[in-house]
Amino acid sequence: MTDPVTLDGEGTIGEFDEKRAENAVRELLIAVGEDPDREGLRETPGRVARAYREIFAGLWQKPEDVLTTTFDIGHDEMVLVKDIEVLSSCEHHLVPFVGVAHVGYIPSTDGKITGLSKLARLVDVYARRPQVQERLTTQVADSLMEILEPRGVIVVVECEHMCMSMRGVRKPGAKTITSAVRGQLRDPATRNEAMSLIMAR
């Protein structure tokens, strides 16, 4: 499975240091020529630090923690959850990218499935961290394959990146689409079935 972003070899990262984050935001405001002590900005460093704790909460979560509930019901056909909201942050510019994810899988031979909300939570685990869309897509697919052991997985993510909309080429509305396909869903007929379900409105 693609390893999450880590700072050591144990698959974990450091604790969130709110005071250090607050000081860093204050320094950034000074660096861009602002006065962090003026009325409108006086509380901004603290607000941003607390917001980052929430926005990057996925750094302190593991995919297996959200896929703990499974059911053996003998279902052997595709399960697909569409239009899962994606709210993430580009690790290159620390600005948002937003959109939707479609996550589908063919259960294992014993029919083991997970709760539908768990697929949305899995997307959040990987979205709520400094991220790139390509890695996010792969991590969701690989986590499902490793933890649920399904016969196949498909993940399609479609997002607008503020680093393209607000700066650089400045093309609001441009969408990036990434996909990851594993197992039996690599079969053209099965993949086409999944894509037709994803594209149906």
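Our numbering is plain: 1 for the first residue shown, then up by one each step along the chain.
Positions of Cβ are set from backbone N, Cα and C atoms, glycine also.
Since this is a predicted model, take the numbers as computed values, not measurements.
The Zn(2+) binding site annotation in Swiss-Prot covers Cys90, His93, Cys163.
Other residues of the same chain near the Zn(2+) site, with their Cβ within 8 Å of the Cβ centroid of Cys90, His93, Cys163, are Ser89, Glu91, His92, Leu94, Val95, Phe97, His161, Met162, Met164, Arg167. Neighbour list (Cys163 (Zn(2+) binding site), Cβ cut-off 8 Å, at least 6 residues apart, same chain): Cys90, His92, His93, Val95, Phe97. The 10 Å shell around the Cβ of His93 (Zn(2+) binding site) contains 16 further Cβ atoms across the protein chains shown.
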